[in-house]
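J.: First, the structure itself, so that you have it in front of you.
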Amino acid sequence: MPDLTPGQFQLVYNLLSLTVATMLAAGLFFYGSRAHVAHRYRPALLVSAIVVWIAGYHYFRIFQSWEGAFMLSGEGAYTASGAFFNDAYRYADWLITVPLLLVELVAVMALAKDEARSLLTKLVIAAVLMIAFGYPGEVSDNATTKWVWWAAAMVPYLYIYAALFSKMGPVIAANPGRVGSLLGLARNVLIVTWLFYPISFLAPVLGLGGATGEVFLQVGYTIADITAKAGFGVVIYMIAAARTEQEGHGATTEPLAA
Ligand SMILES: *C/C=C(C)/C=C/C=C(C)/C=C/C1=C(C)CCCC1(C)C
């Protein structure tokens, strides 16, 4: 790990801590909000809660790992302590949470069962390949290796974008009004927040090396994770609530325990 100024160390330290709190609170909100939506949409909110809780746990471990990887030197700089900073927590997290985020989205698209299953199967396979291809590049210090795995991961990544555009277009068109516009919002939030990952990944090979590169990478991934998990979950909740209202279910007539 490169030497960091106190400001650089604390920026990442505080942001990681804030992320743990945000993920746990978001999970409580999604879990509790199941009562406000029809039965059909409750699994989507449960999955949203599970995603942010898994992420909250991993952020806690990343936070501890970050704290342990540096020590304050006599000159007031944070130098590598020799302890390993474990970036694999992020990839382990993505491997579970990225497919689950796609489950959330497909659940509120309200497709026919067969169609939902076939779309989800393709999206989940693509998501797993994307993360698996990214990891060897992430942990390598070699620019060529990074580019090769980046390019490999871009294939399933672009496939997911294309599949969402072709499958969500007709669903959005078939739902004029609030549900359709919220589905469009969910798609845009996904597309825009997911852009951060392949860009942050490339920071070290685009000349952003050393301390600045490391801080940029950590801050980039962390902000993207908050938006793509907690922010995206809020949009999923809004879609579920709008569909519930549109379908004429009163939340109070469907108690949670069942
Ligand atoms: C909550 C975590 C999320 C939404 C993570 C998403 C991660 C990606 C979209 C990662 C994509 C990558 C590429 C497209 C190329 C380089 C390697 C990755 C894995 C960073």
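Cβ coordinates come from backbone N, Cα and C, glycine included.
The feature transmembrane segment is assigned by TrEMBL to 12-31, 43-60, 94-112, 119-135, 147-164, 185-207, 219-240.
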J.: Are the transmembrane segment (147-164) and the transmembrane segment (12-31) near each other by the rule of at least 3 C-beta pairs under 8 angstroms (pairs 6 or more apart)?
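T.: No, the transmembrane segment (12-31) does not contact the transmembrane segment (147-164).
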J.: Can you work out which residues elsewhere in the same chain, 6+ from the ends of the transmembrane segment (147-164), have a Cβ less than 8 Å from its Cβ atoms?
T.: 102, 105, 119, 122-123, 125-127, 129-131, 133-138, 140, 187, 190-191, 194, 198, 201-202, 205
J.: Are there residues at least six beyond either end of the transmembrane segment (43-60) with Cβ under 8 Å to its Cβ atoms? List them, or say none.
T.: 16, 19-20, 23-24, 26-28, 30-31, 33-34, 37, 89-90, 92-93, 96-97, 100-101, 103-104, 107-108, 222, 225, 229-230, 233, 236-237, 240
